[in-house]
Amino acid sequence: KLFFTDYGNVAKVERCDMDGMNRTWIVDSNIEQPTALALDLINKYVYWVDIYLDNLEVVDYQGRKRHTVMRGRQVRHLCGIAVFENYLYAVNSDNFSILRINRYNGSDVQSLTNLENAKEIRVYQKRTQTAARSHACEAEPHGLPGGCSHICLLGSSYKTRTCRCRTGFFLGSDGRTCK
């Protein structure tokens, strides 16, 4: 799945399949300007920052179990968040500090370090990487991902895929070749 925020005409947090299909709003009320977003892949939670409402909130992948983790002016400057174990790690755009925040109740906020011009943060750890299994976009013997000449996007399961083309090309009638 792909998770993203949108604060156009209707502010929301959404999810869809990697090919853009099955687009679903998971948060569309009491939300104004969602910016940073992070996923807890193990427990299937979505965290986001609303810089207008000064809220850091969480919801499950279906839009249930919503609650506020942290509220206040300190949230206004968060521009990137990541989840690891019991903490959220965030970038404060006001002073470029990296913060560690208890993800269950917003307490125990600690400034860990400062990184000049930091905007995003990611945590890479072996336990957070899901095991790869055979999927529809695996390279075929000719080296084409999922048999697609340009781009292969997974669908609603790891067994389905959609081929897409780079800008300036169009998909041929075979549904795999770009011209």
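Backbone N, Cα and C define each Cβ position, glycine as well.
Using a Cβ-Cβ cut-off under 8 Å and counting only residues 6 or more beyond its ends in the same chain, the repeat 'LDL-receptor class B' (1-43) has close neighbours at 49-53, 57, 59, 61-63, 66, 78-83, 88, 90, 103, 128, 130, 153-156, 161-162, 164. Annotated repeat 'LDL-receptor class B' per TrEMBL: 1-43, in sequence order.
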* **Per-residue pLDDT averaged over the repeat 'LDL-receptor class B' (1-43), given as an integer** => 92
